[in-house]
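The active site, nucleophile annotation in TrEMBL covers THR197. Feature annotation from TrEMBL assigns substrate binding site to ARG225, VAL226, GLY227, ASP228, THR248, GLY249, ASP250, GLY251.
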Amino acid sequence: AGDSGTSWHFDPPWALRGSVTKCLSALCLIGIHHTAWSVLRSGGSALDSVEKGCARCEIEHCDGSVGYGGSPDESGETTLDAMIMNGNTMEVGAVADLRRIKNAIGVARAVMELTEHTLLVGESASVFAENMGFIAEDLTTNNSVNIFLQWLKGNCQPNYRKNVFPDPSKTCGPYKPRTILKQKGRTRQANTRSHDTIGMIALDKDGHVAAGTTTNGLTHKVPGRVGDSPIVGAGAYADSSAGAAAATGDGDVMMRFLPSYLAVELMRAGADPSAACKTAISRIKRHYSEFFGAIICANTTGHYAAACNKAPGLSQFHYMVSNSESDIPLLKTVDCF
């Protein structure tokens, strides 16, 4: 949902270790949680847990919304966005519009640990990854090609153009700006399958918090589009002194409000995770009452919650939690408001 998924892992008592992940498909997330939780159980760091969990989602495609072979843009190409944040050091690494490299979350961590930068984008990010030893591979699959071809046959619908000629609601491009701009409202129902993200939060035995996201973005997006997932404070945010949050949904809207940063700051001020999540969603609702999105929040004591905006196609939000009390991933559901 920001464009995202969600996960949380911990051990009793509640001051401990855990992970939360937004739910894509149950089977996919069970495997992801097992991977991430195994890292924590073996004494690994929250950062390692988040990276390994997100990387598995990239490998398994996670409903086609994460990793290679899904969500082709207007030109038919699949590009990747990812971010990872160390809540103990406040370091962040992110990549956007990444080409040819399947392990986007790994490249994001390389940006964090091998450069002084926070975000690398486009072809330059891909060259950096190759220089750092990541293997260049084709991100296109038969599935992504078929999605693209069906879109072309349907007159490029839906697309994300406005105020252009020819009419983007009826035809494909190339598009040009209208000589006289006339704001035409285009009603588009939220497509729950058009895009998504895996968002993961982890708290390790030392009380360190980490968060990460990875996605192949919005299907049929304008080439070069970057959503909320790799943007610090939008797709995710982590601070070991307060907690972490990860958002999902309409990234073009949600990134304007930095919901993950807001939720963490609310928890720092004493709000419980449920209140923090609801407030972050409510802030967006004031301006976009029918936006498609949700957020998960977890504080440093291991308490967690989620909230979502009630919109066409989204009446409930599902996320998954792992902890030592059950030792198996728990599917959680929250009603949207």
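Counting starts with 1 at the first residue shown.
Note that Cβ sites are derived from N, Cα and C of the backbone, with glycine treated the same way.
Spanning the residues ARG225, VAL226, GLY227, ASP228, THR248, GLY249, ASP250, GLY251 that the record associates with binding substrate, the maximal Cα-Cα distance equals 16 Å. Cα spacing between VAL226 (substrate binding site) and THR197 (active site, nucleophile): 13 Å, rounded to the nearest whole number. Counting in whole angstrom, GLY227 (substrate binding site) lies 10 from the residue listed as 'active site, nucleophile' by their C-alpha atoms. Put simply, THR197 (active site, nucleophile) is 8 Å from GLY249 (substrate binding site) when counted between their Cα atoms. In this view, the densest Cβ surroundings among the binding-site residues ASP228, ASP250 belong to ASP228, judged by other Cβ atoms lying within 10 Å.
Between the alpha carbons (Cα) of ASP228 (substrate binding site) and THR197 (active site, nucleophile) lies a span of roughly 10 Å. Within 10 Å of the C-beta of THR197 (active site, nucleophile) we count 37 further C-beta atoms, all protein chains included. Here the candidates are the binding-site residues ARG225, THR248, ASP250. The one whose C-alpha lies nearest to that of THR197 (active site, nucleophile) is THR248.
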